[in-house]
Every structure is written in C-alpha cells, then in structure tokens.
Amino acid sequence: MDEATVEGSGTTEGTEDSNGAERRYAVVIAGGRSTRFGDSDKAVAPLAGTPMIRRVADRLAGVTDRLVVNCRPDQREAIADALAGYPNPVRYAEDEEPDLGPMAGIRTGLRGVEAWGGPDALAFVAACDMPFLDPGLVSHLFDRAADRDAAVPRLDDEWFQTTHAVYRAGPMADACDAALAEGEGKIIAPLFELDHAVVEEDEALRYADESTFENLNTRKEFEAAAERFG
Ligand SMILES: Nc1nc2c(ncn2[C@@H]2O[C@H](COP(=O)(O)OP(=O)(O)OP(=O)(O)O)[C@@H](O)[C@H]2O)c(=O)[nH]1
Ligand SMILES: [Mg+2]
C-alpha cells in the first residue's frame, strides 16, 4: 500500500460469512489532532469514565461484524488499550501521511475494509467523536446502501453527514483517492462520484434522534455530554 499501512493486506476473504449473510464493517476514523479539544487526544479521552472511541465502537458492536480503526501510528497503542476486550475482531489502518484531513481518514479506513473483506464490502464510517450514534439508524443505512455504493444522511436538505454514512469500500476509497489527487478538499466531492442514496432528515429521524449526529469538539461540549451519560 502506498498511502496506508493496512494489516492483513492480501487476505481478502469476500463479503459472505458462513451463513450467507453479508458481513457488515464499521470504520472509526480517529486521525485528527483534537485542536479544539486541547492538548490531549479526544479519541481516548474518558467520557463519563469510558474512552470516547470505545463508546463509539460499543454503539456499533451489535450491528456490525468487524471494526477497522483509522489513526496515526502514534495513537495506536492508546486506542488499542481503549478497545481491549471489544467483542468483534479489530484491525488498524494507519495513516502513512498524517493530517490529510477526514477524507483521507475515510479513504484509509475503507482500504482496511477492502483488504479484509474485498472491494464490495459495505462499511459504516463514523468519526471518533460521535458517542450518541444510534445503531438503529446504522442498520437502516446498511439497508439503504444494499443496491448502491453509499447511503448518506442529509440534514435540513443541505448537510451531508459523511462521517455517519455507509460506503462500499472499494468505490468510495477510489473516489477519495481521485479527489485527494485533484486537491479536492470538500468531503462531499467523492460521494457525488458514487451511486448513492440520500437519507433525508425526516427518514433518519424515524430511526434515531438528532443526537446520533452530534460530535464533540470542545472540552465544554465533552463535559456537557458526560453529564448525559450520568
Ligand atoms: N486520518 C485522519 N483523520 C482525521 C483528520 N482530521 C480529522 N480527522 C478525523 O475526522 C473526524 C472529524 O474531525 P474533527 O472533529 O475536526 O476532529 P479533529 O480534527 O481531531 O479536531 P480539531 O483539531 O478540533 O478539528 C474525527 O474523527 C477526526 O479524528 C486527519 O487529518 N486524518
Ligand atoms: Mg478537524
């Protein structure tokens, strides 16, 4: 791999498991610098006693079969500690070049999925800072992506939730590579290259409440969220 270190490259197993059901992948991207949060990594910061990335991963454990975490190499040990004992198999897709932005994180995470389950595997991609995400909506997004290459929620007819969306690993990673090569920074650009379902707000909110899209950026938001976990 030229851009990312992905474990298990070359061990593609296909997307079917033994009972014929399609495996569902989760990707959590965590390669950001948490600058609004402060001088520690928000991914592993304890949120009401549990590292935030663990809360995100736990929300996904029942509706996905395998987890790929995208991060920088220097984050990996702390993240692996946070995910110790996770019920599903976990692999890491490390940024070879850091700080290329969330689109590069999505690309690298999906390359990890592709190496594990093949290019047609579907993955729900989440940011590491969305601890309220709703597994019911995640399942629905998988259903909506089944005959497409992506399913992405859109709020208020306008705001695509690209880090709360399902993608087919190979096509989306290729589209991100192309966008990155063109210097295209807008995270929605690769989406428009794909056959994608848009899940409008009213549809999404039949499966979840708004908090599923909430992301925590500042220490203040983090502390307010911690109180909601009691
Ligand atoms: N791999 C990778 N992931 C990123 C990068 N920038 C942001 N992310 C991830 O994208 C998601 C959304 O990013 P932000 O909420 O801006 O997080 P952040 O960049 O760590 O925080 P700020 O520095 O405050 O912007 C988070 O899960 C980040 O970890 C990056 O350069 N590389
Ligand atoms: Mg950022």
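Backbone N, Cα and C atoms are what each Cβ position is placed from, and that goes for glycine too.
Note that the coordinates shown come from a computational prediction; the quantities given were computed from them, not determined experimentally.
As written in TrEMBL, here are the features:
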{"type": "REGION", "residues": "1-23", "note": "region 'Disordered'"}
{"type": "COMPBIAS", "residues": "1-13", "note": "compositional bias 'Low complexity'"}
{"type": "DOMAIN", "residues": "26-189", "note": "domain 'MobA-like NTP transferase'"}
{"type": "BINDING", "residues": "I29, A30, G31, K42, N70, D129", "note": "GTP binding site"}
{"type": "BINDING", "residues": "D129", "note": "Mg(2+) binding site"}
If you count, for each of the binding-site residues A30, G31, the other Cβ atoms lying within 10 Å of its Cβ, which residue has the minimum?
G31
Between any two of I29, A30, G31, K42, N70, D129, the residues recorded as binding GTP, what is the biggest Cα to Cα distance in Å?
14
Taken over the domain 'MobA-like NTP transferase' (26-189), the predicted model's pLDDT averages 97
Give me the count of other Cβ atoms within 10 A of the Cβ belonging to I29 (GTP binding site).
27
Cβ-centroid neighbourhood (8 Å) of the GTP site, I29, A30, G31, K42, N70, D129 excluded
V28, G32, A43, I53, C71, G105, A127, C128
Please report the DSSP secondary structure of D129 (GTP binding site), reduced to three states.
coil
Tertiary neighbours of K42 (GTP binding site) (same chain, Cβ under 8 Å, six or more apart)
G32, S34, M52, C128, D129, L216, N217, F222
Can you check what DSSP calls K42 (GTP binding site), collapsed to helix, strand or coil?
helix
